[in-house]
Amino acid sequence: MQSTGCSYEQECFHRPPVVDFFPQSLAVKGALLLGIQFEEVVLSNSNTAPACCSSRYGLALLSSYGFFVVYSLRVNLSVAMVDMLNNTHQASGNHSGSVCAPHDSPAPPKHNQSASVYNWDSATQGWILGSFFYGYILTQIPGGYLAGRFGAKWLMGFGILGTVLFTLLTPLAADLGANYFIAVRVLEGIGEGVTFPAMYTMWAAWAPPLERSRLLTISYIGAQLGTVVVLPLSGEICFYMGWPYVFYLFGAVGLVWFILWAFLVFDSPNSHPRISEEERLYITNSLKNELSTTAGYIPWRAIVTSVPLLAIVVAHFSYNWTFYTLLTLLPTYMNDILGFSIQENGFLSALPYVGCALMAVLSGQVADYLRETCLYRTVIVRKSFSLIGMIGPAVFLVAAGYTGCNYKLAVTFLTISSALGGVSASGFNINHLDIAPSYAGILLGITNTFATIPGMVGPVIARALTHNNTIEEWQTVFYIAAAINVFGALFYTVFGRGKVQPWAVHTCYSHGD
């Protein structure tokens, strides 16, 4: 690939070829003289295709449904696990083993007692909860590569379909034994591992630069909604129908998504048969100076030695430590410490993700407004949102550990912690598309590989540290997660960047760093 001689620290003001699609004006020329990035001024003054009924926003909504499925199949076990263990499920509906006084709840219907229960100790529970991520980590980098080589649509579609099929087999695997159960969860993780890299690759071809925060937050809000809906609904399903139906019902929802995805989604605007010509030109012209023109070439050496990418890796790893700690163990904390029943557990465990979902969407709107209208540099926006979305959750997570049995305050602090975490959706989380849109899927695969490690070891470490289920033990778990979060935020603030890196484009073309 042709070298441009631009270092990571330099601003590149090389003006791209003028096309009729971008009308020139005195305002643009004046902005150039003032040193304002040409790209952001041009895009903010160019003709844009309407968002309503557009193909790109249709893709955002359908991919959001896909990530709803992805997370519903990932988190349903967190609630079902409480009902699968005979040492935590009492026929009377009480939880006498919890640290805090149990909350009154109705007894489960008699037909719920037909579901099997198992004698898994805390160590086995930790391995089961973390087993998904042992498969998940294997397909991150291959997922990004395969999506770029063969197309993202079918890779993501078949990845989720495989996860759906193994989810439907989960009750059978649990009856066969813990080892079979772990194996099925690993296979589910392998299927889901390709989803985020594949979707990043697709957005590299579909998302105009100044709409990235909006489109990606809409797309990935499905992950939060999956958590918000599935946690309380899983509790209700366990209460009225039994835990096996948690896997059957959400598996069926996944099958419906695959049918819609197969018929309505296409890899790029140019391959979409129903996209308007106005929207197609808007998307392709806005991306033409960012995407690499060297087909099939991947600058692996530049990628693995990129300091801006390392900053995203550290931030992603750190954030996910806290995220996965709550995702996999919050229902256990609600049950073992705060004494909530299976029915209450799912609802209260979902509250933090309601706040996270709302803040993720809001932050996407604000981030693009700051970049497009206020002309804030991309790097400033990404770092600011990452600091708020990582240090804020750390503070309130630690505070939650000191609320004792004041369950209202505990749930409030956990909700605020997760809500502030949603701000990071417009921070480091989409920075891959800023620094290397052509290789966004591969970069996401790399960062998500490291960011999966917390999901693998976090539940195991947390359950090992909470063997006696005391409040002091859980405080240690929260302190560890908070410290890792703060470190990641500071590292990203120092080393993160917001412009397209020289190795990622044919010509060095700044993106507002």
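The backbone N, Cα and C atoms fix where each Cβ goes, glycine too.
Heads up, TrEMBL stuff is auto-annotated, nobody curated it.
Taken from TrEMBL, the feature transmembrane segment covers 57-77 (among others).
Feature annotation from TrEMBL assigns domain 'Major facilitator superfamily (MFS) profile' to 58-500.
Sequence annotations record features per position, and here TrEMBL assigns transmembrane segment to 127-147 (among others). Panel annotation: around the transmembrane segment (127-147), residues 74, 77-78, 81, 120, 155-156, 159, 178, 181-183, 185-198, 200-202, 298, 324, 328-329, 439, 441-446, 448-449, 452-453, 455-460, 463 of the same chain, lying at least six beyond its termini, place a Cβ under 8 Å from a Cβ of the stretch.
Summarising the annotation, TrEMBL assigns transmembrane segment to 154-174 (among others). With a cut-off of 8 Å between Cβ atoms, the residues of this chain six or more beyond the transmembrane segment (154-174) that come close are 66, 69-70, 73, 77, 84, 116, 118, 139, 143, 146-147, 180-181, 183-185, 187-188, 190-195, 198-199, 202, 243-244, 247-248, 250-251, 254-255, 257-258, 261-262, 265.
Sequence-distant contacts of the transmembrane segment (180-203), counting only residues of its own chain at least 6 positions beyond either end whose CB sits under 8 Å from a CB of the stretch, comprise 59, 63, 66-67, 70, 73-74, 77, 127-128, 131-144, 146-148, 152-153, 155-156, 158-163, 166-167, 169-170, 173-174, 212, 215-216, 219, 267, 432-433, 440-445, 448, 452. Here TrEMBL flags 180-203 (among others) as transmembrane segment.
Per TrEMBL, the feature transmembrane segment maps to 215-233 (among others). Non-local neighbours of the transmembrane segment (215-233) in the same chain are 56-57, 59-61, 63-72, 74-76, 78-79, 199, 203, 206-207, 250, 327, 331, 346-347, 349-350, 353-354, 356-357, 360-361, 363-365, 422, 425-426, 429-430, 433; each lies 6+ residues outside the stretch with a CB under 8 Å from one of its CB atoms.
For the transmembrane segment (245-266), the list of distant contacts is 58-59, 62-63, 65-66, 68-69, 72-73, 76, 79-80, 153, 156-157, 160-161, 163-165, 167-168, 170-171, 230, 234, 237-238, 272-273: same-chain residues at least six beyond its ends, Cβ to Cβ under 8 Å. The transmembrane segment feature in TrEMBL is assigned to 245-266 (among others).
According to TrEMBL, the transmembrane segment annotation covers 307-327 (among others).
Here TrEMBL flags 347-364 (among others) as transmembrane segment. Beyond the ends of the transmembrane segment (347-364), by six or more residues, the same chain brings 78-79, 213-214, 216-218, 220-221, 224-225, 227-232, 235, 326, 330-331, 334, 340, 385, 389, 411, 414-423, 425-426 to within a C-beta distance below 8 angstroms of the stretch.
The transmembrane segment annotation in TrEMBL covers 385-403 (among others). Within the chain, the transmembrane segment (385-403) has long-range Cβ neighbours (under 8 A, six or more residues past its boundaries) at 315, 318-319, 322, 326, 363, 367, 409-410, 413-414, 416-418, 420-428, 471, 474-475, 478-479, 481-483, 485-486, 488-489, 492-493, 496.
Per TrEMBL, transmembrane segment is recorded for 409-430 (among others).
Taken from TrEMBL, the feature transmembrane segment applies to 442-465 (among others). Within the same chain, residues 122-123, 125-127, 129-130, 132-134, 136-137, 140-145, 148, 193, 196-197, 200, 298, 303-304, 309, 312-313, 316-317, 319-321, 323-325, 327-329, 432, 435-436, 473, 476-477, 480-481 sit at least 6 positions outside the transmembrane segment (442-465) and bring their C-beta atoms closer than 8 Å to a C-beta of that stretch.
Long-range neighbours of the transmembrane segment (477-495) within the same chain, counting only residues 6 or more positions beyond its ends whose Cβ lies under 8 Å from a Cβ of the stretch, are 307-308, 310-312, 314-319, 321-322, 325, 329, 383, 386-387, 390-391, 393-395, 397-398, 400-401, 427-428, 458, 461-462, 465-466. Under the heading transmembrane segment, TrEMBL lists 477-495 (among others).
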Long-range environment of the transmembrane segment (57-77) - Cβ separation under 8 angstroms, sequence gap at least 6: 51, 128-129, 132, 156, 160, 163-164, 167, 170, 185, 188, 192, 195, 199, 202, 206, 215, 218-227, 229-231, 234, 246-247, 250-251, 253-254, 257, 260-261, 264-265, 327-328
For the domain 'Major facilitator superfamily (MFS) profile' (58-500), the mean pLDDT of the predicted model: 85
